[in-house]
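**Student:** Take a look at what TrEMBL says about it:
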type    : residues : note
DOMAIN  : B:39-144 : domain 'HPt'
MOD_RES : B:HIS80  : phosphohistidine
Amino acid sequence: KTIMGMAAEAQYHVLAVDDSLLDRKLIERLLKTSSYHVTAVDSGSKALEFLGLLEDEHNDALAPSDVDVNLIITDYCMPGMTGYDLLRKIKESKSLKDIPVVIMSSENIPSRINRCLEEGAEEFFLKPVQLSDVNKLKPHLLKGREKESEPSINKRKGMEECHSHDKTRTKYDGLEVV
Amino acid sequence: MDVMTQLQRQWREHTAYLRKEGYLDDQFEQLQKLQDENSPDFVAEVVSIFFDDSEKLLNNMARALEQKVVDFKQVDAHVHQFKGSSASIGAMRVKNLCIEFRNHCEAQSLEECVRCLRKLQYEYSVLKNQLEYLFRLEQQIRAAGV
């Protein structure tokens, strides 16, 4: 595969967050089957660390183009930082707020679902997550790509994206499953 | 009938039996569909994690129920986790027992909780045996195909 080939493919990179190893394996397989590049972490704080945003930092050291994650899918019920807490932190961050976030939960609680959607989650999946759920991610990812291909400054961003994409892919592979 | 065909038939019949008796539901079939040449051991891997998790959680529940003052919220937390993992692999009977168990935790009924735990331990061990038998058949099929 040439560099040109890899840039053209430009796989979407999904960050999956779940404290359950079993569910991480499952979501990882579902996402990989759908041809997404996956990084799986076991906590909200690890997710923020990966995204370049440390828990108590409010100043965004990273520009949106530096963060190479196209979608975040997180479990709701996690010790420490819940999926909802993580969602809020992402939406409050200048560098991360435009990354689509999806919440997963084993419990069907309407007030919980509404709260998450109101806070900006794109989707709320009931566990166990199905392939048909993962198929719903495409439009949210495409929307993100559309934003990137907007004219002027973003054209340059687009080129950097390809390079950083390759660099970050290699870098992140080591962090694959916790 | 050659060995391979016989084994495959046994595998199909056993899977159908497990579905019919409610040991496993659709979710297990979903897992099987996710297994392919790129991920040939996916189901076995996931089930193995399930076994490890289950044994740990069942122990935790037992210990929590043995305490002088039982913390039902803690017991419930373990059952909630077990319910989640059993749902993830399609272990229907185990999952349903977990739902029942959570009700007893909420009611803070020690006797019912202990009874439920015993049922859960039993169902889990039966399921484990069934799945291990299924995987042995799969190994034999693979060996026969070489």
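For all residues, glycine too, the Cβ spot is worked out from N, Cα and C.
How buried are these features, and what lies next to them?
**Tutor:** Summarising model confidence by region, the domain 'HPt' (B:39-144) averages a pLDDT of 97.
All protein chains shown were included, and the count of other CB atoms within 10 Å of the CB of B:HIS80 (phosphohistidine) stands at 17.
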